[in-house]
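The heme c 1 binding site feature in TrEMBL is assigned to Cys53, Cys56, His57, Met97. The heme c 2 binding site feature in TrEMBL is assigned to Cys152, Cys155, His156, Met196. Taken from TrEMBL, the feature domain 'Cytochrome c' applies to 32-120, 131-219. For 1-24, the entry in TrEMBL reads signal peptide.
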Amino acid sequence: MNRIANVFAVAALSLASVFSMAHAEEQKVAKADAVRGETIFNTGVPANGVPACTSCHGAGGNSAMNVNPKLAGQHAEYIEKQLKDFKAKTDRNQPVMSLYAGALSDQDMKDIGAYLGKQPAWKPGSAKSKDTIELGQKLYRGGDAKRGIAACAGCHGPTGAGIPAQYPRIAGQFSEYTEAQLVAFQSGARKNSVQMHDLAGRMTAQQIKAVADYIAGLR
């Protein structure tokens, strides 16, 4: 009987040890360090082959290249989630980002997100096409009931500021980048948002281009 009791006691201690280790692991990434995030963003993680994020996304996350998104002032939780999705490759697989994110730890991702989230929001751009501004505004503010397209403002807000941890800041983002992401959601190349896949799937190429251009001028 004592022998059985001892077995259960050992099992209980082992289980407690496992939970304790798991909790300790969680605590390691429980608090974000924006200062450390700044260092990673500016210098990368050379030991893991990760270059400075600034080389593509610009100083402070203010990208000058329309193929690379502006990140300054983006919600920390959103940045962290996207990096994790890139690392997993399941729902968002982009060769360069998936390679570098794969070499980052959860703590690295949280810290980078914290740093970018504390930066002044990127400078807004401007809509370039006068021919589509009205259509873009209509879609952003009111959607298209006939096609089952909800208003973008319903989730991203009237000014495109988004909602932390749920919907990203999009106001002033490069129209080329926004358009590319909507097309990726539409085709299924990007699958890390069921809502966006469904929404983009109902849009025409003209609507996508118009709303992307309108978003570039939001402020």
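Heads up, the Cβ atoms here are built off N, Cα and C, so glycines get one too.
In TrEMBL, annotation is done automatically, which means it is predicted and not curated.
Structure with TrEMBL features highlighted.
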residue: Cys53; record: heme c 1 binding site; Cβ contacts under 8 Å, 6 or more apart: Ile40, Phe41, Asn42, Gly44, Gly61, Ile112
residue: Cys56; record: heme c 1 binding site; Cβ contacts under 8 Å, 6 or more apart: Ser63, Met65, Asn68, Val96
residue: His57; record: heme c 1 binding site; Cβ contacts under 8 Å, 6 or more apart: Phe41, Ser63, Asn68, Pro69, Lys70, Leu71
residue: Met97; record: heme c 1 binding site; Cβ contacts under 8 Å, 6 or more apart: Phe86
residue: Cys152; record: heme c 2 binding site; Cβ contacts under 8 Å, 6 or more apart: Leu139, Tyr140, Arg141, Gly143, Gly160, Ile170, Val211, Ile215
residue: Cys155; record: heme c 2 binding site; Cβ contacts under 8 Å, 6 or more apart: Gly162, Ile163, Gln166, Tyr167, Gln195
residue: His156; record: heme c 2 binding site; Cβ contacts under 8 Å, 6 or more apart: Gly162, Ile163, Tyr167, Pro168, Arg169, Ile170
residue: Met196; record: heme c 2 binding site; Cβ contacts under 8 Å, 6 or more apart: Leu182, Phe185, Arg190
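The maximal spread of the heme c 2 binding site, taken as the longest Cα to Cα distance among Cys152, Cys155, His156, Met196, is 12 Å. The heme c 1-binding residues named in the record, Cys53, Cys56, His57, Met97, extend over a maximum Cα to Cα distance of 12 Å.
Confidence annotation: the domain 'Cytochrome c' (32-120) carries a mean pLDDT of 98 in the model. Other than Cys53, Cys56, His57, Met97, the residues of this chain whose Cβ falls within 8 Å of the Cβ centroid of the heme c 1 site are, in sequence order, Thr54, Ser55, Ser63, Asn68, Leu71, Val96, Tyr100. For the domain 'Cytochrome c' (131-219), the DSSP counts in helix, strand and coil order read 50 helix, 5 strand, 34 coil. Residue counts for the domain 'Cytochrome c' (32-120) by DSSP state, with H, G and I taken as helix and E and B as strand, are 52 helix, 3 strand, 34 coil.
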